Amino acid sequence: MANGAGNGGGGNNGAGNGVEELQPHPVKEQLPGIRYCVNSPPPWLEAVVLGFQHYLLSLGITVLIPSLLVPLMGGGDAEKVKVIQTLLFVSGLTTLFQSFFGTRLPVIASASYAYIIPITSIIYSTRFTYYTDPFERFVRTMRSIQGALIITGCFQVLVCFLGVWRNIFLSPLSIAPLVTFTGLGLYHIGFPLLARCVEVGLPGLILLVFITQYLPRFLKVKKGPMIWDGNRCDRYGMMLCIPVVWLFTQLLTSSGVYDHKPQTTQTSCRTDRTGLITNTPWIYIPYPFQWGSPTFDITDSFAMMAASFVTLFESTGLFYASARYGSATPIPPSVVSRGTGWLGVGVLLNGMLGGITGITTSTENVGLLAMTKVGSRRVIQISAAFMLFFSIFGKFGAFFASIPLPIMASLYCIVLCFVSSAGLSFLQFCNLNSFNTKFILGFSFFMAISIPQYFREYYNGGWRCNHRLNWLADVIRVIFMSHTTVAAIIAIVLDCTLCCESDETKKDCGLKWWDKFRLYNLDVRNDEFYGLPCGLNKFFPSH
């Protein structure tokens, strides 16, 4: 460009020399702009408010999955409430385990969507059709689900704590599709869930975008003393948005707008149709085998273990994203294995207590780290304390759990986009001018959309729906209908076979940048972010 400008004529030489030459944006191993990183806690009052935000966001999935599954099992509102409290209790415990002894990253443990397919197969199993009493059918089904979860939890604990999972070392090129689809893969709980009550969800989405993105810019431009710091808008945007939209929903409900609407519309839009507040006891402590002794069926466990395999990929991608938004160094494989092992403990606890589904890392809460620009570990620990408190003192928790799901979906539309963009940010370590890189990236993205769509059409009444469902079909559905798992498998296989030929290809896929993160001891900063208390690191090898 400088030579071209010089050839234009001698009179422009002075102006040409004054033009600043543009340089590419520098590569950042740790994300700048984070107000509080993993080990730098905010002031206590601010940390409590931020922790409560994470608790509120985790309620969406905690309420949604039992609301879908418990009625299919024959349970009523009372059973649904107990399952929600149990699931919230286990999520809080697992989050504390993760923050103290796992990855030590600011991540929330929550219910997993990946288990819905095998759980639904158990619910519709012919062995439960003989029970005419709905409560008896619920109890028998729950015991079978618990047995499968216990076996799956033991499987995940062994795979991760014995070091099998730490052998998967990902390059930035394979991490990019993995992390991106942990966010994009949950598109069905975004606008489709919001549109169930669009007159409530859409205003919530517009208001949240305005508060977090436009209001800070307006306050910065405004002259004179400011009553409200613009930097606080994105930090507390969720706390500002939810009460306003919730109040608007209450006004619509009280004015009788939904009185003559279809039942599905009333369930999604009204603030008094969840059945949680009236059926929740004031104090309830979940205890092991509250529904009776678990029953075990090996075929149920195979599909559950496939779901565990899917959550391993999802949680691995979210660990990398949370490390990014916590302004930490890329997480070493040994720490990833340690973290997924504690998630396996959460699955085991859910199986013992009756939490109806498995445990994984919460995608939504990782996105909230980015929206607030606060990646502090203390905030997450406070959030876990809120989970435990409201799971035991259920009346208080039921009030917040009654927030209509379309309002939560408006939040998901924002926070999930941050998770997806975290995956794209890892491409800064790769050579995007390499055709090898372009193929691996484009092929993994395209197939991660195309393959799950094929299996969704095949098994859900598409062009070839004459099939017999069994445990093998459930395994196939769980794995290949997961956008994240398909993206990860394809990217890892192509990365390992196409990017290890020479030093040049390793450099193109970013391995040269990340060689020092392969082992825990190769970077002195790892102890600052991932070191365990009380000298426990010696029990978790770094290789």
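Yeah, the Cβs are placed from backbone N, Cα and C, and that goes for glycine too.
Positions annotated as compositional bias 'Gly residues' by TrEMBL: 1-17.
Look at TrEMBL and you will find 1-21 tagged as region 'Disordered'.
Marked as transmembrane segment by TrEMBL: 52-71 (among others).
What TrEMBL lists as transmembrane segment is 83-101 (among others). For the transmembrane segment (83-101), the residues of the chain that approach it from at least six positions outside its boundaries are 58-59, 62-63, 65-66, 70, 75, 107-111, 276, 280, 284, 286, 290, 338-339, 342-343, 345-346, 349-350, 353-357, 359, 377, 380-381, 383-388, 390-392, 394, 397, 401, 532-533, 536, judged by C-beta separation under 8 angstroms.
The transmembrane segment annotation in TrEMBL covers 107-126 (among others). Beyond the transmembrane segment (107-126), the same-chain residues lying 6 or more positions past its ends with a Cβ under 8 Å from any Cβ of the stretch are 54, 58, 61-62, 65, 68-69, 72-73, 87, 91, 94-95, 98-99, 141, 144-145, 148, 186, 300, 303-304, 306-308, 310-311, 314, 318-319, 322, 339, 343, 346, 355-362, 364-366, 380, 383-384, 469, 471, 474, 477-478, 481-482.
Here TrEMBL flags 147-169 (among others) as transmembrane segment. For the transmembrane segment (147-169), the residues of the chain that approach it from at least six positions outside its boundaries are 118, 122, 294-298, 300-301, 303-305, 307-308, 312, 316, 333-334, 336-338, 340-341, 343-352, 355, 357-358, 492, 518, 541, judged by C-beta separation under 8 angstroms.
What TrEMBL records for 189-215 (among others) is transmembrane segment.
Feature annotation from TrEMBL assigns transmembrane segment to 236-258 (among others). Residues 49, 52-53, 56-57, 197, 199-200, 203-204, 207-208, 211-212, 265-266, 269-272, 368, 371-372, 403-404, 407, 410-411 of the same chain lie 6 or more positions beyond the ends of the transmembrane segment (236-258) yet place their CB under 8 Å from a CB of it.
Annotation source TrEMBL lists transmembrane segment at 379-401 (among others).
Feature annotation from TrEMBL assigns transmembrane segment to 407-427 (among others).
The transmembrane segment annotation in TrEMBL covers 439-455 (among others). If you look at the transmembrane segment (439-455), the same-chain residues 6 or more away from its ends with a CB under 8 A from one of its CBs are 173-174, 176-177, 180-181, 185, 427, 430, 476-477, 480-484, 486-487, 490-491, 494-495, 498-499, 509.
The feature transmembrane segment is assigned by TrEMBL to 475-498 (among others). Sequence-distant contacts of the transmembrane segment (475-498) (same chain, at least 6 residues past either end, Cβ-Cβ under 8 Å): 114, 117-118, 168, 170-171, 173-174, 176-178, 180-182, 184-185, 302-303, 306-307, 309-310, 313-314, 316-317, 436, 439-441, 443-445, 447-449, 451-452, 455-456, 459, 505, 509.
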